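**Student:** For reference, TrEMBL lists these features for the protein:
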- 1-20: region 'Disordered' (REGION)
- 25-426: domain 'Amino acid transporter transmembrane' (DOMAIN)
- 27-49: transmembrane segment (TRANSMEM)
- 55-82: transmembrane segment (TRANSMEM)
- 178-197: transmembrane segment (TRANSMEM)
- 217-239: transmembrane segment (TRANSMEM)
- 251-274: transmembrane segment (TRANSMEM)
- 294-317: transmembrane segment (TRANSMEM)
- 345-365: transmembrane segment (TRANSMEM)
- 371-395: transmembrane segment (TRANSMEM)
- 407-432: transmembrane segment (TRANSMEM)
Amino acid sequence: MEGQTPGDRGLSEKPVPTATRPSLSSLGAVFILLKSALGAGLLSFPWAFHKAGGVAPAFLAELVSLVFLISGLVILGYAASVSGQATYQGVVGGLCGPTIRKLCEACFIVNLLMISVAFLRVIGDQLEKLCDLLLPGAPPAPQPWYTDQRFTLTLLSMLAILPLSAPREIGFQKYTSILGTLAACYLALVIVAQYYLGPQDLAREPHLASSPSSWASVFSVFPTICFGFQCHEAAVSIYCSMRHQSLGHWALVSVLSLLACCLVYSLTGVYGFLTFGTDVSADILMSYPGNDGVIIVARVLFTVSIVTVYPIVLFLGRSVMQDFWRRGCCWACGPQPLAEPSGPWVRMSLTVLWVTVTLAMALFLPDLSEIIGVIGGVSSFFIFIFPGLCLICAISVEPVGPRVKCFLEAWGVVSVLVGTFIFGQSTVAAVMELL
């Protein structure tokens, strides 16, 4: 593809109007895209392998999903070039119309808000376990007030998460994303090493499921995969921040990022499941002894990993709220808004609002582990449905050959149908579990 012109490929590309002086390198884009996908879903992959009925069916589901995951990223880059928009919701609205854009924005806010709350709950749980380890006490004796999760999580949000979320451009996250990626890789290596070199009191020959109990159990792993590999919400913003914005270059970045992510997830899922079998916990770190030094380091580094991915989610949610601000000001005050949405006052106000709301929900709402399937189901919109719709609409306005057009239309329809099935199946399963 690099050696061909857009006309030779049957797909034309247009320059994207990006923010001033896009400076993100290809390596930085790989790390941000990789870190966007290496989140809290890493802890639940061994449990997903158990739900699927074993290593073989879970790995097969992961490989099938990988095809759609990579194609979705490539489609979003192509759609951004065709539409000339620099945000995910802008691309959807520019190609599919205002009605689909409103649906996209609603799903965007709900999904990112729930993901942010889930991240903070994971961080809070890890902080609580670390405080219990550092300050052990008898059960009747109350823990000091400064070890309470409400205090530690609030303090960490003010001192680390809020400053990391303040920058205007997502390109800043390439520095913290490198650190977060290394932390996630360390967790995967620890799980592999514990399987071979773990202590003798660790389960060495657990009961393993020989085959999936039903096809429904295999399909149940897709929401976890969607929850784990959700980097598509950031794809357009990352693409528009790159110095080299070509379809072939973006395809290479997407393939490298998701292959590396798939390796980390597969190692974690396979060896975590082989270590504990059907006894594996939904949080793999909960299955290991709490006083193991290697696990303590892994817990600390994974907390750092989640802290570095939270600002990427906030950046995407803030971009939607900035669009709301821009449209509301134009409706109320005319073409000259009271304040520029990307200016420091509006940007910091929206950032503080997002952190405050998600922190309050994480501290006072009940456990969110039961609705992880709902998060994965909503994520299927951004991985399958919206990219498929964008592809169908993009080729309807772009001059492409008849065979290429027929193939791309068919692939777009398949993506929409697969995404609709995953959303319906995961939502029904999550509601049934809650009931």
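Just so it is clear, glycine is given a Cβ too, placed from its N, Cα and C backbone atoms.
Note that the structure is predicted; figures quoted are calculated from it, not measured.
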**Student:** For the transmembrane segment (55-82), what are the same-chain contacts with Cβ under 8 Å, counting residues 6+ beyond its ends?
**Tutor:** 11-16, 33, 48-49, 88, 91, 95, 211-212, 218-219, 221-222, 225-226, 229, 231-232, 235-236, 239-240, 245, 247, 250-251, 254-255, 258, 262, 265-266, 269-270, 273-274, 382-384, 387-388, 390-391, 394, 397-398, 411-412, 415, 418
**Student:** Please tell me whether the transmembrane segment (371-395) and the transmembrane segment (217-239) touch - that is, whether there are at least 3 C-beta pairs under 8 Å between them, with each pair 6 or more apart in sequence.
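**Tutor:** By the criterion, they touch.
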**Student:** Six or more residues beyond either end and a Cβ under 8 Å away: which residues meet both conditions relative to the transmembrane segment (407-432)?
**Tutor:** 68, 71-72, 75, 216, 219-220, 222-223, 226, 370-374, 376-378, 380-381, 383-385, 387-389, 391-392, 395, 400
**Student:** Would you call the transmembrane segment (217-239) and the transmembrane segment (178-197) in contact, using three or more Cβ pairs under 8 Å, pairs 6 or more apart in sequence?
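**Tutor:** With fewer than 3 qualifying Cβ pairs, these stretches do not touch.
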**Student:** Can you tell me which parts of the same chain pack against the transmembrane segment (294-317), counting only residues 6+ beyond its ends and a CB-CB cutoff under 8 A?
**Tutor:** 32, 35-36, 38-40, 42-43, 88, 108-109, 112-113, 115-116, 119-120, 122-123, 126-127, 129-130, 133, 156, 160-161, 164-165, 170, 173, 176-177, 179-184, 186-187, 190, 193-194, 233-234, 237, 285, 288, 351, 354-355
**Student:** Taking the transmembrane segment (27-49) as the reference, which of 178-197, 251-274, 345-365 gives the largest number of Cβ pairs under 8 angstroms?
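**Tutor:** By Cβ pairs under 8 Å, 251-274 leads among 178-197, 251-274, 345-365.
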**Student:** What residues in the same chain, six or more past the boundaries of the transmembrane segment (178-197), come closer than 8 Å to it by Cβ-Cβ distance?
**Tutor:** 31, 34-35, 38, 42, 46, 264, 267-268, 271-272, 274-275, 284, 288, 294-295, 297-298, 301-302, 304-309
